[in-house]
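Comments concern the structure below.
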Amino acid sequence: MAPIGDDASQTLHDLVNKLESRVKELEDKLAHAAGGPAPAASESVRMILMGPPGAGKGTQAPKIKEKFSCCHLATGDMLRSQVAKKTPLGREAKKIMDQGGLVSDEIVIGMIKAELEGNSECKGGFILDGFPRTVVQAERLDAMLAERNQKLQHAVELQIDDSLLVSRITGRLVHPASGRSYHRVFNPPKADMKDDITGEPLVSRSDDNADALKKRLVTYHAQTAPVVGYYQKTGIWSGIDASQEPGAVWKSLLGVFDKQKGANGSILSKITGRS
């Protein structure tokens, strides 16, 4: 087949642009007629952020939130918020927790749905942190999003070797009076175990016990492996080396987002391979 000439290519380009505009109009009308939410803007994100304790989720999530003007839904925070607001779901969750039970998947999914519908920050998309933890939860999340004519774009896992993670976490030191923090390896004090400013003794954080952390990591990997497998099959999983400096991790995240943007190219780019 002969290559398409420049004139013919431009004509095709113009025609496809008109078709894409028309398709967008029809999609908007169908969504409105069905009473569903309007399609999200192209510059939005719907993602899950996974990673073991200390991998850097707390550092990267605010950056993602700022870039996309989206909401960050950490399940623990969300649960406490719903309980504090005394919403129907919050009251139901509190009753279960007061009895020592575990909050059901249905309640958590309901809380996520309530945030997506009522939280104005979620118009730019969302970052889910701490959910799903099982394949069943992942399937129920997909079903809820499908009801909203949405689907996840990314499942990003911040990956780091357990031994490095243990040294990163257990090496943390703090000056109790001021809150100044140090690290035995990455940011050591000038004098061993002494605060640089006052010379007072530093202490290890009580929640940074190596044995306790190792147990948490065993649980994390056992829970996460099947969920990672689920999202690998759907094609939205990405793994990022979290042992890098935070700036390098952020650059890797931007690469994931740019790759998705390229994958969602125009009809013309899919036909011709040109953007």
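Indices start at 1 and increase along the chain as displayed.
Every residue gets a Cβ built from N, Cα and C, even glycine.
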Of the candidates Q232, Q244, which does Swiss-Prot annotate as part of the ATP site that also includes G54, A55, G56, K57, G58, T59, R172, S181, Y182?
Q244
To the nearest whole angstrom, state the Cα distance for the pair G54 (ATP binding site) and G101 (AMP binding site).
27
Please report the Cα separation of V103 (AMP binding site) and Y182 (ATP binding site) in Å, rounded to an integer.
37
Fewest other Cβ atoms within 10 Å: which of the binding-site residues F131, Y182 wins that one? Let me know.
Y182
